[in-house]
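Per Swiss-Prot, the features are:
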| type | residues | note |
| --- | --- | --- |
| SIGNAL | 1-19 | signal peptide |
| DISULFID | CYS23-CYS47 | disulfide bond |
| DOMAIN | 23-97 | domain 'UPAR/Ly6' |
| DISULFID | CYS26-CYS34 | disulfide bond |
| DISULFID | CYS41-CYS65 | disulfide bond |
| DISULFID | CYS71-CYS90 | disulfide bond |
| DISULFID | CYS91-CYS96 | disulfide bond |
| LIPID | ASN97 | GPI-anchor amidated asparagine |
Amino acid sequence: MVLGWPLLLVLVLCPGVTGIKDCVFCELTDSARCPGTHMRCGDDEDCFTGHGVAQGVGPIINKGCVHSTSCGREEPISYMGLTYSLTTTCCSGHLCNKGTGLSTGATSLSLGLQLLLGLLLLLQYWL
């Protein structure tokens, strides 16, 4: 039982293992940068990034948590007096909507950590 407490601590503190999901949140913006803040999602929610376009102007973006049934939808949204067509793209990993390319790394790291913890638990009972 030597590894018991450290493994329990990692399970409690690692969001990918416990099922806790944070997403990046930022309001609608016309800036290419959307640094945002972290927000906690509900069990039935996914992280999303919304990309909006309107004829003759630059794109808009927003991020946050959304009910999984809203993923992939395109809907009109008003921003700064213009109507944009906003498409919601969802992902299900911890902070997966943070930026391009980071979601895959974060998800891979989480899965790798889960595999490592599982192997350590198995070794604990064999030794």
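Including glycine, each Cβ sits where the backbone N, Cα and C put it.
A distance of 8 Å separates the Cα atom of ASN97 (GPI-anchor amidated asparagine) from that of CYS90 (disulfide bond). Counting only the Cα atoms, the space from CYS34 (disulfide bond) to CYS65 (disulfide bond) is about 15 angstrom. Put simply, CYS96 (disulfide bond) is 14 Å from CYS26 (disulfide bond) when counted between their Cα atoms. Using a 10 angstroms CA-CA radius around CYS96 (disulfide bond), none of the disulfide-bonded residues in CYS41, CYS65, CYS71 qualify.
Using a 10 Å Cα-Cα cut-off from CYS23 (disulfide bond), the disulfide-bonded residues that qualify among CYS41, CYS65, CYS71 are CYS41, CYS65. In space, CYS47 is the closest of the disulfide-bonded residues CYS41, CYS47, CYS65 to CYS90 (disulfide bond), judged by Cα positions.
Between the disulfide-bonded residues CYS26, CYS34, CYS41, CYS47, CYS47 has the most other Cβ atoms inside 10 Å of its own Cβ, all protein chains included. Around CYS71 (disulfide bond), taking its Cβ as the centre, 16 other Cβ atoms fall within 10 Å, counting all chains. Here the C-alpha separation of CYS41 (disulfide bond) and CYS91 (disulfide bond) works out to 12 Å. Comparing the Cα of CYS91 (disulfide bond) with the Cα of every entry in CYS47, CYS65, CYS71, these being the disulfide-bonded residues, the smallest distance points to CYS47. If you take the Cα of CYS71 (disulfide bond) and the Cα of CYS47 (disulfide bond), they are about 9 angstrom apart, rounded to a whole number.
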